[in-house]
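Below: the structure, in structure tokens.
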Amino acid sequence: MKMIQNLSLLFVFCFYCLPIVIQGSDQHERKPYIVYMGEMPMGRTYAIKEHHLNLLEAVTGSQKIARQIRIHSYGKSFNGFVARLLPREAKKLRGEDNVISVFPNTHNKLHTTRSWDYLGMTLNVNRRLNIESNTIVGVLDTGISLDCPSFNDKGFGPPPPRWKGKCVTGANFSGCNNKVIGAKYFYLEQPVIENASPVDEDGHGTHTSSTAAGVPVAGASVDGIGRGTARGGVPSARIAMYKVCWESGCSDMDMLAAFDEAIADGVNLISVSIGGPPRDFFSDPIAIGSFHAMRRGILTSCSAGNDGPDLNSVENVAPWIMTVAASSIDREYATMVALGDGKNATGVSINTFTPENKMYPLISGALAANHSRDDYGNASSCDTGTLSKEMVMGRIVYCLGQGNQDWTIKDLGGAGTIVGLDERADFGSITIIPGSYVEANTVGKQIDLYINNTKDPVAIIYKSISTRTPAPRIISFSSRGPQSIANNILKPDLAAPGADILAGFSNLATLTGNPQDPRHNVFNILSGTSMACPHATAAAAYVKSFRPGWSPAAIKSALMTTATPMSIKDNSAELGSGAGQINPLSAIHPGLLYDMNMNSYIAYLCKEGYTNTNIDILIGSKGFNCSTIVPPPQSTDGINYPSMHIRILSPNSTISAIFYRSVTNVGQANSTYKAIVTAPKGLSIEVVPDILQFSRLRQELSFKVVLKGPPMPKEISILSASIEWNDSRHSVRSPILVYKESDDFMK
Ligand SMILES: *[C@@H]1O[C@H](CO)[C@@H](O)[C@H](O)[C@H]1NC(C)=O
Ligand SMILES: *[C@@H]1O[C@H](CO)[C@@H](O)[C@H](O)[C@H]1NC(C)=O
Ligand SMILES: *[C@@H]1O[C@H](CO)[C@@H](O)[C@H](O)[C@H]1NC(C)=O
Ligand SMILES: *[C@@H]1O[C@H](CO)[C@@H](O)[C@H](O)[C@H]1NC(C)=O
Ligand SMILES: *[C@@H]1O[C@H](CO)[C@@H](O)[C@H](O)[C@H]1NC(C)=O
Ligand SMILES: *[C@@H]1O[C@H](CO)[C@@H](O)[C@H](O)[C@H]1NC(C)=O
Ligand SMILES: *[C@@H]1O[C@H](CO)[C@@H](O)[C@H](O)[C@H]1NC(C)=O
Ligand SMILES: *[C@@H]1O[C@H](CO)[C@@H](O)[C@H](O)[C@H]1NC(C)=O
Ligand SMILES: *[C@@H]1O[C@H](CO)[C@@H](O)[C@H](O)[C@H]1NC(C)=O
């Protein structure tokens with residue numbers, strides 16, 4: 001126990017007490033590796049750090065080197081350490097007893113309000129305030145800025161008694177309050193960052209934290225845009241910030257350190273708007289950390305990633321994680337452009353600039369080309385280096401293409417940018433000079449024609465206004481399934497608002513994040529699955545405040561089975577939306593739960609081929625035997641998941657799958673649920689039994705879902721179906737999705 005406390009002191013006040021002075025040529029080849037050793041060893045007083053040093057001594061042959069290369073020992077919530085290793089030492093450690101995995105440290109990236117009203121959670125919605133105010137939301141992110149009024153602690157009592165976390169102070173961060181009750185930072189990289197502190201210099205962490213649990217702030221806006229009351233989903237809950245992201249990204253070793261401490265500190269939920277390419281569960285810090293969190297009853301909510309609309313792009317796919325896609329709300333930011341010929345064109349962006357009362361000269365990139373630089377790129381797209389400064393100066397420039405032309409035009413002294421996109425933008429970007437994004441084929445073409453056919457074309461770009469728009473839709477950038485780590489588990493799980501979200505921001509950052517941008521504000525409008533994740537975290541916290549006894553899996557099940565199915569513009573269907581848009585109010589009364597506990601996940605891991613020995617290490621047991629608990633062999637996914645998914649790997653295979661499920665009654669004691677199946681042509685679905693008769697609460701009944709069908713036609717890769725248990729009071733809906741790999745998948 002003493003050892004562990006010392007470790008934490010070392011951690012907080014002195015990341016690099018041990019100078020790394022390693023002799024010889026090995027020095028440059030050593031890289032940080034994470035050695036993951038599962039559950040904390042139980043039943044003996046265990047000097048964790050000594051044990052780690054012994055292991056290192058065994059592979060390096062030197063006690064001195066062992067001391068020099070060890071960077072950090074985990075040991076509050078799980079066992080493991082970080083050390084600078086040579087590849088051969090890493091290999092040797094993989095073979096050691098008690099080691100589950102050894103993997104190199106890599107960097108993950110951030111997945112960069114009216115939204116709560118839109119989800120039905122109005123300002124005065126029914127709440128369990130006494131429980132909500134004892135709920136602690138742990139956020140792994142870029143830090144937090146207490147200058148943001150969303151974290152005002154007026155009216156908050158002291159932290160809940162079980163809270164064991166700390167508040168670390170440092171540069172620009174003088175301490176916590178009764179709203180933000182904990183703040184720590186994690187930076188195991190070398191050399192050490194001067195003046196490190198939990199402060200948010202990026203804005204992302206302040207934004208996600210305030211989306212989850214910020215207090216209501218009336219009159220919040222970005223220079224008047226989006227004005228309204230900004231607030232989090234659980235405004236009475238407490239926040240604990242674990243800063244793991246720095247300019248270099250968010251490293252595996254820092255994220256694991258944050259999970260290690262957050263779990264031990266006593267958070268109730270963990271929100272992680274960070275990700276990286278999917279990896280094997282136990283070589284992935286978020287999968288490892290969230291597994292140990294789940295064991296202790298803590299649900300981890302993660303963003304799905306921003307690499308959509310491509311398929312196979314979803315991240316954070318472990319079954320014990322709640323993986324959140326980004327949807328739109330019914331508000332967007334319109335930026336109007338008026339042309340000299342009296343026509344108006346509407347685009348999408350977040351343009352904070354109010355124009356002077358005059359028209360500005362207008363030109364297109366194609367006409368502003370510097371022809372002595374034609375080989376530098378594409379002037380129509382306003383590529384950097386292709387335009388003539390003379391032609392751009394003082395003008396609004398129309399550019400084709402994808403993105404950040406406003407910066408190029410700004411550098412050349414332009415007055416504004418109109419960007420023609422292939423498709424209409426489904427979220428707004430903040431522009432550095434007046435700017436609007438229009439659809440190239442319609443509005444854009446008109447603007448270009450006007451420019452080509454007019455002697456002195458002029459235009460004006462107005463400040464953005466908020467408008468209503470049909471919703472929800474899955475946003476184009478939101479990452480899509482299928483995933484390949486847990487083949488037959490549908491990810492993302494569900495969707496939450498992640499476009500044009502107005503929430504708290506850090507005064508130390510600029511609105512666009514670029515240091516040349518002079519604009520600072522304590523609110524900002526951002527888009528990303530990063531913004532969707534804290535919405536789902538807060539929804540989970542809200543459900544938990546009414547149902548404190550529910551497991552993480554039960555809360556996730558409630559949010560999934562009560563979600564609103566969504567239509568999706570491309571044909572990725574539930575591979576984009578999962579079960580659909582969250583419905584926090586309905587999730588309190590789901591009727592039935594697809595519950596899972598630790599053993600359910602262990603059974604699943606057995607099926608996925610994890611060995612008895614690895615499972616022993618993982619959960620800190622002895623003599624665990626997979627063959628005693630494996631579910632029926634025909635089961636397609638081997639887990640009681642609230643959605644059903646099969647990936648057909650060979651294009652000519654017939655469809656054949658069987659899902660064993662059990663549901664727990666949390667509605668009325670006496671209730672009869674009927675299965676209502678919706679299936680497309682080419683897929684037959686049988687539910688056995690198709691009536692479930694409950695006579696008491698907490699009763700668990702089992703059923704199976706059998707899928708059959710001929711080989712799917714060549715041109716079809718997705719069959720979307722659903723099963724809904726309905727007792728006329730509740731509708732407990734699960735998506736069923738068949739995905740066929742394309743022909744070249746096998747090659
Ligand atoms: C933040 O802290 C650094 C280091 O102490 C200091 O140089 C800087 O001026 C501070 N910035 C603000 C805005 O307070
Ligand atoms: C274009 O927008 C301006 C400013 O909102 C408005 O005054 C004008 O009537 C609009 N013109 C057309 C043709 O819609
Ligand atoms: C055009 O490009 C040439 C060659 O790089 C450069 O010298 C010149 O200044 C540019 N002209 C303008 C007007 O930007
Ligand atoms: C320049 O970019 C635009 C928009 O991306 C594209 O339509 C056009 O074909 C490109 N032109 C050349 C010469 O590559
Ligand atoms: C306008 O003129 C430019 C330059 O000649 C050309 O590339 C573009 O296709 C023209 N636009 C339209 C809509 O005709
Ligand atoms: C695991 O259990 C199975 C079935 O009960 C048994 O046959 C097998 O010997 C056990 N394996 C170990 C290593 O105990
Ligand atoms: C599937 O069937 C088609 C048509 O019979 C055949 O051309 C193709 O090679 C088969 N693909 C596989 C992977 O068996
Ligand atoms: C459920 O139904 C049974 C049989 O109809 C009845 O005996 C029992 O009291 C009912 N339970 C509740 C909680 O209504
Ligand atoms: C299922 O239950 C809901 C109540 O949640 C009810 O409104 C709906 O009509 C039912 N659907 C069917 C198809 O019976």
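Cβ atoms here come from the backbone N, Cα and C positions, even for glycine.
Just so it is clear, the model here is predicted, and its values are computed rather than measured.
Here TrEMBL flags 1-24 as signal peptide. Annotation comment: TrEMBL describes 33-111 as domain 'Inhibitor I9'. As annotated by TrEMBL, active site, charge relay system applies to Asp141, His204, Ser530. Taken from TrEMBL, the feature domain 'Subtilisin-like protease fibronectin type-III' covers 639-738.
Structure with TrEMBL features highlighted.
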| residue | record | Cβ neighbours (10 Å) |
| --- | --- | --- |
| Asp141 | active site, charge relay system | 28 |
| His204 | active site, charge relay system | 27 |
| Ser530 | active site, charge relay system | 31 |
DSSP helix/strand/coil residue counts for the domain 'Subtilisin-like protease fibronectin type-III' (639-738): 0 helix, 60 strand, 40 coil
Average pLDDT across the domain 'Subtilisin-like protease fibronectin type-III' (639-738), rounded to a whole number: 96
Collapsed DSSP category at Asp141 (active site, charge relay system): strand
Counts by DSSP class (helix H/G/I, strand E/B, coil) across the domain 'Inhibitor I9' (33-111): 28 helix, 23 strand, 28 coil
